[in-house]
């Protein structure tokens, strides 16, 4: 409860800081629509040449893009402002030292205390594309499909947070290693159904760097209905990823001796 | 005389930048990944649609290489110098500011091409993408012109930093245009009308798709001279635009901090 209050307070402060720069809001709105427009256009191009993309219909592909955008927007709002370029901004600049002195969980402060409310704008076109996909589907999603989608989106958010924390934890062992560009590039692979990739890459994106869980799995659940093994697997993956992130953070902190030492 | 001096200065700067970036090979590898992800996505998507067409694989292998050879990061290497004020040092030097920007650009491209070559070879071998020597040789001037076009386009957009601190959004928008209309999202021959005509007339096709099509041997069926003429036309347009925006930007910059 205390952490939720802290999250609310920091979001409120970030929001007030952000709206002071209104021209930035205009740029962010334009970029959000342009970025999603490009992604949708690239997929719609495929459906001018084929009826399905690796077994995915146009409606399912739109739901996938909408879901991907939703999670990307939430990542950009709550996770990226904290953990992007963490080796530089968190460790070498000494910000982590400040977190360690405060009376709250250092992992929470380092990974969720700042936010970028303007990035939430991406949610609007994302939800629009999601709605477009649902309306275009041959049959509407069932209640079970909707609940399964909500659960898997929550699991995907936990996995996203855990992946970012694990990436940040590398700074404790190799403080000059910056993998943010790599991470953001690999993230783009989630924009398409994992079925289009070759088998080795598909296995990698399912079990090692689980981009399949980010958009493909929730989207398939929404329109094709939930499968219990997928639901259990998604929740278990989220739990395991969170546990791994907390463990890595604790191990990293034990190794950490301060920015100047 | 001026040209020789400029080339000499550029050579010095290029050598300096190549050496400086050699210490950041790990970061350069992540830039390689960033550069190849969009073409790889296109390759997987269109290979799923046309699994038996070897031209798709050949085209996207060429696109990956062209992308690596033409990547530009002026929103980082140039715009950040406007934001932190260090461009003032460059303005005081008895040489054009663009030499430093160009030297950094060429050094990064050289590293990306060298480090990305294994990815291109791997993709080429795994797809059995055979290239003919003659189309590849013919494509070289087109690749050079594409490199000039991408640099001018990115540099032009990066100068938005004189007016706004959202230069990354501006350049990001420009990159999306290249992705969509330049032949990475789909070979422009697969675009529906009127988008095909629009992409073919836009400068973006000349930045990626056209040199890749020439190197792959198809589907470009026009004359090589027409292809070079089209690219040169856009180079001239961008040079004039860069010159005009640079003059306006520098006049604006003099007010900062005064």
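Backbone N, Cα and C atoms are what each Cβ position is placed from, and that goes for glycine too.
Of the listed segments B:170-190, B:191-211, TrEMBL assigns transmembrane segment to B:170-190. Feature annotation (TrEMBL): of B:55-73, B:74-92, the stretch labelled transmembrane segment is B:55-73.
Listed by sequence, the residues of this chain that lie at least six past the ends of the transmembrane segment (B:110-134) yet keep a Cβ under 8 A from its Cβ atoms are 18, 21-22, 25, 28-29, 31-32, 35-36, 40, 43, 54, 57-58, 60-62, 64-65, 68-69, 71, 215-217. When each of the listed stretches B:25-49, B:140-163, B:170-190 is scored by C-beta pairs under 8 angstroms to the transmembrane segment (B:228-246), B:140-163 comes out highest. The list of residues near the transmembrane segment (B:170-190) in space but at least 6 beyond its ends in sequence, with Cβ under 8 angstroms from a Cβ of it, reads 38-39, 42, 46, 56, 59, 63, 67, 74-75, 79, 150, 153-154, 157-158, 160, 164, 196, 198-200, 202, 204-205, 207-210, 212-213, 219. Sequence-distant contacts of the transmembrane segment (B:25-49) (same chain, six or more residues past either end, CB-CB distance under 8 Å): 56-57, 60-61, 63-64, 67-68, 71, 73, 108, 111-112, 115-116, 119, 123, 179, 184-187, 190.
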